[in-house]
Amino acid sequence: MESRVLSSGATAISGVPRLTKPAGRITTTTVAVAFPARLNATGGNVVWGRQLRPSLLNLDHSSPVSLVTKPVKRDVLKPCSATASDSAGDAAPVGFLAKYPFLVTGFFFFMWYFLNVIFNILNKKIYNYFPYPYFVSVIHLAVGVVYCLGSWTVGLPKRAPVDSNILKLLIPVGFCHALGHVTSNVSFAAVAVSFTHTIKALEPFFNAAASQFVLGQSIPISLWLSLAPVVIGVSMASLTELSFNWLGFISAMISNISFTYRSIYSKKAMTDMDSTNLYAYISIIALLFCIPPAVLFEGPQLLKHGFNDAIAKVGMIKFISDLFWVGMFYHLYNQIATNTLERVAPLTHAVGNVLKRVFVIGFSIIVFGNKISTQTAIGTSIAIAGVAIYSLIKARIEEEKRRMKSA
């Protein structure tokens, strides 16, 4: 609503009183109401980029808005001095991390790789003197659940409420997560870490197959062709792997299938819950599924000689500390991976995920001194290259779909 000033020389309109200039100087000022970032005066979200008309805002809630108000004498507000980051003077100074976001993203990638490598190395060291993957899988999830419960207690983050409908959607996700996690650890305990990760490079193949034949989605021929090097590379590595055994191979394959169905059920269980709370609830559900088989398959052996043998080899303090830290590293690297995905584009995350697998395979070979044949090394390299090509093509297809939807 624009205000209009009637000059004293204008002709008066019949029926409308003539406005006279009041005594004293009237200064018209524009009052800028500064709200905190993202919040307005009532706590709602502010939609930036739109100017709210002053006449439509009733800042004084004790009285209704009057269409005709008496002129009020106000002092002229002196403009605030502009900050270094905003010439208008209405924004707070930009912090160092906000000014250089790539440093924060780089830190997330570093922590993701570091925690993942440490987890895989410590996990394999535990299996060298305590070969009970079902029990260790329970410890992984239990430490993470305790961590989540502690975080909820202090409100970092605030616990998201759940109802029976959400739980019905999350239970299949938690079951697939539990099955994939346990079978991965069975494979880690049975064969070399590098070989397990080479087999797990086939996971994109199972994802594509499930999308095509289970969900009925059309997979481009370019994606199928990019998976050929993955299958060939894993086959080459498996034929000459020195630590090969069928338990480790089949367990890793079941893990691939389980995580594929976890992805399918996750898409069906999409909620407005943030990733931290969502992963916490999935961990709790997965823990409940992991406890019965651990008690059934390994309980008697653990009580008979499992715990005593481990304590005799490394001592009780180291045994307990190893179990605690391997569980903590497992939870943190999964949480950091989720946070990293939220910060970068799918293409960047896909490349980072491939490089992470390369780091894990390389460091595990160096730390444990695993001897690999030339054919295994070539096959592993071909498989990793195929995963990289597949991830790049898939990420670009997803980006094109988002651009078409936004256009």
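Cβ atoms are placed via backbone N, Cα and C, with glycine included.
Among the features that Swiss-Prot reports, site 'May be essential for binding and transport of phosphoenolpyruvate' is placed at Ser222. Among the features that Swiss-Prot reports, topological domain 'Chloroplast intermembrane' is placed at 82-101, 156-212, 298-375, with the record citing sequence analysis. The annotation topological domain 'Lumenal' is assigned in Swiss-Prot to 123-134, 234-277, 397-407. As annotated by Swiss-Prot, transit peptide applies to 1-81, with the evidence given as sequence analysis. Per Swiss-Prot, transmembrane segment is recorded for 102-122, 135-155, 213-233, 278-297, 376-396.
Residues 198, 201-202, 204-205, 264, 378-387, 389-390, 393-394, 397 of the same chain lie 6+ residues outside the transmembrane segment (213-233) yet bring a C-beta within less than 8 angstroms of a C-beta in it. In three-state terms derived from DSSP, Ser222 (site 'May be essential for binding and transport of phosphoenolpyruvate') belongs to a helical segment. The helix, strand and coil residue counts that DSSP assigns across the topological domain 'Lumenal' (397-407) are 10 helix, 0 strand, 1 coil. Taking all protein chains in view, 13 other C-beta atoms sit within 10 angstroms of the C-beta of Ser222 (site 'May be essential for binding and transport of phosphoenolpyruvate'). Packing against the topological domain 'Lumenal' (123-134) from elsewhere in the chain are residues 182, 185-186, 188-189, 193, 290, 293-294, 297-298, 301-302, 306, 309-310, 313-314, 319, 322-323, 326, 330, 364, 368: each is 6 or more residues past its ends and has a CB under 8 Å from a CB in it.
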